[in-house]
Amino acid sequence: MNETSKKLDQIKFKFQHEIEKAINDLAMIIIFNHQGIIQYVNKRFTEVTQYTQEELLGNALTNIFPDDFSTLVNQAANNQRKWRGDIRQQRKDGTYYWVEANLSPTSDTVTGEAHYVLIQREMTERKEYEQMMENLAYVDPLTNLPNRNYMKKWVTEKQHLADTKITILFIDIDRFKTINDHFGQDIGDQVLIALAKRLEACVGKEPLIFRYDGEEFIILLENHSREDTNRLVNQILRTIRQPVRIDYHELLLTASIGISSGHPFLAERDATTALEDLVKKADTAMYHAKKQGRNNFQFHSDNQIRELDRDYQIELEVTDALERNEFSLVYQPLINLKTNKIVGVESLLRWDNRLLGKVSPMEFIPVLEETGLIVPVGKWILHSVCHQMMSWQQQGLFLQRVSVNVSPLQFRDPYFIADLKEILHEAQLDASYLELEITEGTLLDIEDSTKKLHDLQELGVKVSIDDFGTGYSSLSYLKQLPIDTLKIDKSFIDDLDRDGKIIVNTIISMGKNLQFRIIAEGIENSDQFKYLQEQQCHEGQGYFFSRPVNSERIEELYHSLQ
């Protein structure tokens with residue numbers, strides 16, 4: 001061999017050695033035979049896996065590594081061809097890492113025995129980065145729940161679920177805008193985080209929960225019966241009603257839930273579009289639940305679509321109804337159940353529109369609340385009622401009080417107390433003749449509500465809790481507040497011939513012990529009237545005595561019953 005050839009061999013050996021060293025420093029190498037017995041590992045492999053050569057050599061892949069890794073490698077080896085991909089492996093201490101793997105089959109030149117060389121390059125940081133980017137795309141950063149993008153991804157990956165029935169629960173937190181406006185977005189965000197955790201704890205691991213948008217959540221159920229869905233939704237509503245404590249605030253929340261079901265994977269259109277249609281139907285049902293008074297759930301029906309068209313008309317017309325003088329007031333007598341005499345009246349809003357005719361309060365009041373128009377309309381009601389009460393007194397009708405329903409939005413208005421003082425002063429009405437009816441849901445912010453209630457007490461205005469028993473307040477809690485009256489919800493009076501008696505008796509007994517005036521709403525027959533008399537309920541109202549009537553008719557009823 002000449003001198004030139006020797007130098008070339010030396011250079012070749014040197015570079016080959018450097019290349020092998022570089023590969024060994026960077027790559028993890030493992031060689032195993034067709035039986036999966038490990039025959040060689042390099043130093044880098046032992047460093048990353050935390051296993052020693054003694055633990056690895058002569059051992060089977062299946063004894064050392066998780067099933068998913070060893071199965072994947074064995075499948076590729078059995079096919080006798082090269083394979084490349086990303087796989088997850090487990091270290092000796094149980095932690096996981098990601099590698100980019102290249103598998104090549106080879107054979108011993110002497111014996112012909114098959115061997116497999118697996119060269120791996122660790123890529124945990126890259127995988128973590130990819131996972132982070134995927135989270136940004138598919139995970140809501142506030143609640144850490146999957147977002148609507150992930151829902152689209154999910155449906156594309158589940159095309160094989162052809163006969164699977166999908167049920168969508170569309171959850172919207174009632175009056176959440178009020179929380180953000182009143183307490184700020186930071187508190188609102190903390191409320192959403194708390195609710196997300198509650199939903200996860202409530203429904204368990206199997207159903208998928210998505211934060212869909214803002215205060216909207218979607219729960220996706222597979223093959224749930226209507227009975228199971230009813231049970232779960234009631235459980236969700238109860239969970240959401242539990243007070244949320246953020247800093248020094250205790251917030252009382254409710255939700256409206258819309259439900260739709262279908263088989264998106266059997267649809268003629270693609271499954272993604274079919275699922276979006278189910279979501280739209282659940283959204284429509286949720287809107288219908290809000291119309292029914294919130295804090296309830298509704299299943300989707302085709303009638304709800306037609307109702308949406310009417311709702312749109314109502315929203316357009318109600319905007320200027322106050323300026324067009326289309327609103328009016330009627331009054332329903334409050335009867336002393338012991339003397340059968342009128343002791344007061346409840347004022348109720350009515351709307352007769354130029355195009356729609358007479359519109360039910362169940363239809364237009366939710367629109368007033370959603371649009372914020374309930375505040376100026378509510379102020380108009382207070383003004384009209386106080387002047388009417390003063391007019392009755394001047395005519396010799398000495399009713400003990402007139403009650404006015406106050407919406408949560410109006411009650412939380414910062415100018416509410418000041419406006420009320422001005423109205424009472426202008427009407428020259430003694431504040432003790434006015435009673436404000438609020439619902440349990442109005443006590444959303446307990447701290448602020450308590451202050452307002454004390455302001456009303458100092459002013460001399462009475463306060464009544466309307467629809468008591470349908471919310472989540474306890475009598476012992478209400479005793480701490482300056483409240484005069486509890487009104488038993490009509491649903492319990494309707495149920496007197498079944499389970500309602502227990503609830504009604506409890507409210508009357510405990511309410512009287514706590515020195516509240518007790519009023520029963522919705523008395524419609526003599527049996528209900530007699531039963532409430534026997535239980536010594538203080539007052540009642542309902543069609544059994546009189547429907548809501550105009551102010552002139554109240555004058556006639558008052559004189560006829562005196």
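Here the Cβ of each residue, glycine as well, is placed from N, Cα and C on the backbone.
Feature annotations, reproduced from TrEMBL:
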- 29-68: domain 'PAS' (DOMAIN)
- 83-135: domain 'PAC' (DOMAIN)
- 164-302: domain 'GGDEF' (DOMAIN)
- 311-562: domain 'EAL' (DOMAIN)
Checklist outcome for this item: Residues in the domain 'GGDEF' (164-302) per DSSP class, helix first, strand next, coil last, are 67 helix, 38 strand, 34 coil
Checklist outcome for this item: Residue counts for the domain 'PAS' (29-68) under DSSP, helix then strand then coil, are 17 helix, 11 strand, 12 coil
Next on the checklist: Averaging the per-residue pLDDT over the domain 'GGDEF' (164-302), what integer do you get?
Outcome noted: 88
